[in-house]
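Annotated in TrEMBL:
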| type | residues | note |
| --- | --- | --- |
| SIGNAL | 1-29 | signal peptide |
| DOMAIN | 9-265 | domain 'Laminin N-terminal' |
| DOMAIN | 322-384 | domain 'Laminin EGF-like' |
| DISULFID | Cys352-Cys361 | disulfide bond |
| DISULFID | Cys385-Cys397 | disulfide bond |
| DOMAIN | 385-434 | domain 'Laminin EGF-like' |
| DISULFID | Cys387-Cys404 | disulfide bond |
| DISULFID | Cys406-Cys415 | disulfide bond |
| DISULFID | Cys418-Cys432 | disulfide bond |
| DOMAIN | 453-598 | domain 'NTR' |
Amino acid sequence: MVRPSSLPPSISLIPVLLRLLLLPPSLVSSSFSNAPLSWTSPHEPCYHPDGRPRHCLSEFINAAYGVQVNVTHSLHGPDNNPNITTLTDLHNPHNLTCWRARAGADSGDWVFTLPLGRRFEITYISLQFCSQGQPSNPISISILKSMDHGRSWRPMQHYSSNCLEDFKQPSLTIAQTRHQETEPLCSDPRPLQRQRGSTVLAFSTLDGRPSSPDFDYSPTLQDWVTATDIRVVFHRTSNNVKATDKIEETQWPPLAISDLQVGGRCKCNGHASRCRRDDAGQAVCVCEHHTAGPDCDMCEDFYVDRPWHRATPTHPNPCVACECNGHSNKCRFSMEVFQQSGRKSGGVCLKCRHHTAGRHCQYCQNGFTRDTSKPLDHRKACQPCQCHPLGAVGRWCNQTSGQCLCREGVTGLRCNRCAPGYKQGKSPLRPCIRESEQTKERSGNTERSPEECVSYCQPSEVKVRMNLETYCLKDYVLKVQVRGMERSGPWWQFSIAVQTVFRTGSSSRIRRGSQSLWVPDRDLGCGCPALHVGRTFLLIGAEEGERSLAPEESRLVADRSTLALQWREHWSPKLRGFRGPLKKMIPNERNPEMHSGCES
């Protein structure tokens, strides 16, 4: 088939279209075919023989074939002539079947509406009149299109023997500028083309459009030829002639049409070579290049690493899969990521499996490390950290090396042995102690036995019950999450996130959010308080604590007198209940003493 965009703009398409109308049905398909097209290569038309994607076109068809035409008259309403089906049946130039305007409808407008059922890229629209009758003279015809299934209409072409009078525009066959090429033109169709005794009016959607040679790269023209419905309006019929016109008294025969054709292709945006009916009877493109949608106008799920684009002869623009290293089959497109990558990749993987994380599922989750003996796409590429339960702080390790975070005096990849100068201790919180007692004394640490720790730490967390007495025991009650820890001289600095402040002192500056919690090394060595990275605790403590030993006066301190209870979700309503009645006792200017509400 000859594509309109392949012709030079100086060559009219009308003769070409007239030849198309006379081609045998085997070459111009009149319906959606389920068999491979005769003009395709042995390979899939949308791919090169070596598998590379390429621009492809759906089959060129007569989109009007077999479609019911709705005919109405502006004065007499719908036309129920059963011969209306002859407009879109199989056309036989040797045995014409005609639709004729009924008697008594010689004035007014005849409106022919053809619903195509889906979006097509229209190449031509042709009307063939019966040989026994001629279109009225003077003639006035409009061809319109709809892109939203008949909700709105836009004119594509006007035909008139007097364009200025009928349509308020000059008679033109070629758009003067590119800005005008998507505006309807008006021209005098007489004398009409004659083919085998019949009169044919053929309209080419791209004829006379300056950008037609660049159709594949012109979104404006692609939109111009797109239609879901076609409408042809005959504004004048045989007796609709002004009395001042000097014509012969012979009456023109009524309007008689034998064939209406709409040549075009399913709008598949260069990503499909076939268009078929689905189970619901709707015509859909058989999309390739990992595209989807009725018009192949979007990318398939998981193939969203780049934005969707229409295929062109030079750039097939296939949809590209997200790079998730085999650990996810879901992703989303991020324009921000796409811009940051230099417009190369914008896919973000979702729900990474096999303990992986990251935009490409290229990292290991917390608590897992990379097994370099296996490829990144292996389902066991991330292995659990093998941190010693006593020698390591928490169960997290470096995701690349697998190095665990060791306690003081502990070394090894898994924190499973004492460092040089240390020996195994008796406390589970201090598994390795210095060998020299003098070194202990100089550091200010005195290793305590488990029995000594029991008497040193008070109160015992095992016997604590969550009641109002416990709630009022100290100055503050906080729900915190421990995120990290590091040693700072005789102190341990914990990075915490204060999630809820249930109670604080009158001059407290404790607020929700990230803060530092300071714990003396000697207290943490005995496990009071017993804090662990990655867990959530309820802290009940005094604001003074051992403040004189704190590195800064404004820092939050937890010592051996602080309760660190591993958080239980059922405490939340109870703690809020304790706080509720106390709101009535919040201090004010007249009664500044009533703050905590815990004093009887």
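Backbone N, Cα and C define each Cβ position, glycine as well.
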Which disulfide-bonded residues sit within 10 Å of Cys418 (disulfide bond) - Cα, from Cys352, Cys385, Cys387, Cys397, Cys404
none
Taking DSSP states H, G and I as helix and E and B as strand, how many residues of the domain 'Laminin EGF-like' (322-384) are helix, strand and coil?
6 helix, 18 strand, 39 coil
These are the disulfide-bonded residues: Cys361, Cys415. Which one scores highest on other Cβ atoms within 10 Å?
Cys361
For Cys385 (disulfide bond): intrachain residues, at least 6 apart, with Cβ closer than 8 Å
Gly367, Phe368, Thr369, Arg395, Trp396, Cys397, Gly402, Cys404
Give the number of CB atoms, excluding that of Cys387 (disulfide bond) itself, located within 10 Å of its CB.
25
Euclidean distance between Cα atoms of Cys415 (disulfide bond) and Cys352 (disulfide bond), Å
29
Counting all other Cβ atoms within 10 Å across every protein chain shown, which of the disulfide-bonded residues Cys418, Cys432 scores highest?
Cys432
Quick one, of the disulfide-bonded residues Cys404, Cys406, which Cβ has the fewest other Cβ within 10 Å?
Cys406
DSSP tally for the domain 'Laminin EGF-like' (385-434), helix/strand/coil in that order, comes to 0 helix, 24 strand, 26 coil
Sorry to bug you, but what's the C-alpha spacing from Cys387 (disulfide bond) to Cys406 (disulfide bond), rounded to the closest Å?
9
Could you check which of the disulfide-bonded residues Cys361, Cys415, Cys432 is the closest Cα neighbour of Cys387 (disulfide bond)?
Cys415
Rounded to a whole number, how many Å is the Cα of Cys432 (disulfide bond) away from the Cα of Cys361 (disulfide bond)?
38
